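Listed features, source TrEMBL:
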type	residues	note
DOMAIN	11-132	domain 'Gamma-glutamylcyclotransferase AIG2-like'
TRANSMEM	142-165	transmembrane segment
TRANSMEM	177-198	transmembrane segment
TRANSMEM	210-232	transmembrane segment
Amino acid sequence: MSDSAASKELVFVYGTLRHGGSNAFRMEGADFVSRGRVEGSLYVISWYPGLVTGRDLGWVSGDVFRVGADQMRALDEFEGLAAGEIEGSEYRRVQVPVFLEGIPHEETIWAWVYEWKGPVDESRRIASGDWLDVAEPGAASAFSWVTICIAAALMTLFVASAIGLDFTPAQTGRAGTWLLVAFIYGAPLVGIMAAALAKRRREGFRRPREIASGFCQVWLLISAFLGLVVAIS
């Protein structure tokens, strides 16, 4: 094993960080080792799962990666662990034996795993132990998509105005004008709040969401400034 490999840690991921999961992009740069299984039970918590480890509970499927110190810290932050801590409000990072795919059970490796520490609902236990069997594609990034779609709608409105479409009261009517004003000021606020919720939920599409949120913020500032100028004049 090289010195660089020796300085890395093994981590077992079983939810949205897996190949095919909504947050798989967060494992870019990590070395994929193998598919594997750990003993325990897997539960649907929300748009993400929680693993409770323990013998004779069943098997949970996942992927094993080798990660460096910086990526491990990023994963800790993603899972809600403060810097230098191995326990957060929802998860704790523990080392467990992992049985690699195709390797006899007596030959195991030890890897870090983020274990769920909150309450569980037995009715939401995933019988197969495989998160990908129940994950809904796209559902985990709903608020990110709200922000992106709002930014796209605002951009469309800007382009329509730039090419000369008439949005004056004479064309839209009084009700239409009020709806347009409500959209101009309200939509970016909704986009900004949705982006904040998406960040709190640790959703995917981080970079597009940040760009869309930034556009909404600039739009809101310019709209507020122009509205103030019109009011003063």
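All positions are counted from 1 along the displayed chain.
For all residues, glycine too, the Cβ spot is worked out from N, Cα and C.
Note that TrEMBL annotation is computational and uncurated.
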Per-residue pLDDT averaged over the domain 'Gamma-glutamylcyclotransferase AIG2-like' (11-132), given as an integer: 92
DSSP helix/strand/coil residue counts for the domain 'Gamma-glutamylcyclotransferase AIG2-like' (11-132): 19 helix, 51 strand, 52 coil
